[in-house]
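The following features are taken from Swiss-Prot:
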- 130-142: compositional bias 'Basic and acidic residues' (COMPBIAS)
- 27-49: disulfide bond (DISULFID)
- 33-45: disulfide bond (DISULFID)
- 26: pyrrolidone carboxylic acid (MOD_RES)
- 152: valine amide (MOD_RES)
- 114-142: region 'Disordered' (REGION)
- 1-25: signal peptide (SIGNAL)
């Protein structure tokens, strides 16, 4: 059974021989590769071949674009992108392989999907309550710009006028007995006085009806002067001026005289 070191040496030599075959066997012609009896000579030959390949020959001779890149170059290229890191272990050390990173991501996904149902429902209820609170705040903000939204300050009460001349003190501040006495002290018209007041108005209405014309004396259009009725257009023939008609006849007569002279 071969030693692990010799197995690695044989594998590396095979790779170098495969790559060096396309560059006219420059590696095997090197002076350090003629004596391969010892392990030190083999390592020196490998080092010399690597230097020759990197300095004189391309990385992939022939159809190099169809061949996969080496692991070193692939790692160098992938180190510049964030997806080169496939997660971290639980103890804080970076993941060793893609499979470990994928398993870590899968475990995180399973933990997120396996949350209790009550927590999800509670989160949804909190979100709905927050949205409702935002809608209420927006509605109250818009209603503040109108007078029916929120009254500004204290509502002003109407001023009450009392017949006894006391306006500063309200009658509601008095006790019930005093308020009753105040109401009894008010001077209300008696029956005879009411008959005199309404009797005089009835006599006036009867006189107006006897004349045959009922006029609304409380309004300005009850009886306007004749010269101002309908803007002065409803005047009689006698009241109107005769000058426009005389001027018309005069103009007609002058026109007829000119026509006869022309003939």
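For all residues, glycine too, the Cβ spot is worked out from N, Cα and C.
The least crowded of the disulfide-bonded residues 33, 45, 49, judged by other CB atoms within 10 A of its own CB, is 33. Cα separation, residue 49 (disulfide bond) to residue 33 (disulfide bond), rounded: 9 Å.
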